[in-house]
Amino acid sequence: MRLPAQLLGLLMLWVPGSSEDIVMTQTPLSLPVTPGEPASISCRSSQSLLDSDDGNTYLDWYLQKPGQSPQLLIYTLSYRASGVPDRFSGSGSGTDFTLKISRVEAEDVGVYYCMQRIEFP
């Protein structure tokens with residue numbers, strides 16, 4: 001059985017006072033998946049999300065399941081939110097990031113978002 005998963009392809013965030021907006025780009029735009037198989041989603045930022053003051057990379061991943069609000073999966077690059085199964089992992093550095101699902105389950109279907117947290121409007 002194959003399950004459809006929808007991904008948000010482009011997020012643009014306006015940052016006042018910034019010389020240019022931070023643009024977040026996700027690939028692929030959609031991803032057919034098979035239960036039990038691995039899957040990964042890539043995210044690229046137009047600017048580094050590494051905070052030189054504290055060494056943290058402010059990139060989060062969210063999953064919005066059908067009919068529900070988005071739920072936090074991964075925060076600050078690689079930390080799983082409470083209750084998130086360990087089949088989810090986040091990695092990357094600077095401007096290139098990956099969300100990996102080691103073994104896809106039916107409940108993983110939804111819209112996945114990457115979000116930068118280094119600058120806010």
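Each Cβ is built from the backbone N, Cα and C atoms, and glycine gets one as well.
Sequence annotations record features per position, and here Swiss-Prot assigns signal peptide to 1-19 based on experimental evidence.
Under the heading domain 'Ig-like', Swiss-Prot lists 20-121.
The predicted model assigns the region 'Framework-1' (21-43) a mean pLDDT of 93. Marked as region 'Framework-1' by Swiss-Prot on the basis of similarity to another entry: 21-43.
Counting every protein chain shown, the Cβ of Cys43 (disulfide bond) has 26 other Cβ atoms within 10 Å. Residues or ranges marked as disulfide bond by Swiss-Prot on the basis of sequence analysis: Cys43-Cys114.
Marked as region 'Complementarity-determining-1' by Swiss-Prot on the basis of similarity to another entry: 44-60. Using a Cβ-Cβ cut-off under 8 Å and counting only residues 6 or more beyond its ends in the same chain, the region 'Complementarity-determining-1' (44-60) has close neighbours at 20-27, 72-77, 90, 92-97, 114-118.
Summarising the annotation, Swiss-Prot assigns region 'Framework-2' to 61-75. Beyond the ends of the region 'Framework-2' (61-75), by six or more residues, the same chain brings 43, 81, 84, 88-90, 99, 107-115 to within a C-beta distance below 8 angstroms of the stretch.
The region 'Complementarity-determining-2' annotation in Swiss-Prot covers 76-82 and rests on similarity to another entry.
Secondary structure by DSSP for the region 'Framework-3' (83-114): 3 helix, 16 strand, 13 coil. Feature annotation from Swiss-Prot assigns region 'Framework-3' to 83-114.
Residues annotated as region 'Complementarity-determining-3' in Swiss-Prot: 115-121.
Residues in the region 'Complementarity-determining-1' (44-60) partition by DSSP class (helix H, G, I; strand E, B; coil) as 0 helix, 6 strand, 11 coil.
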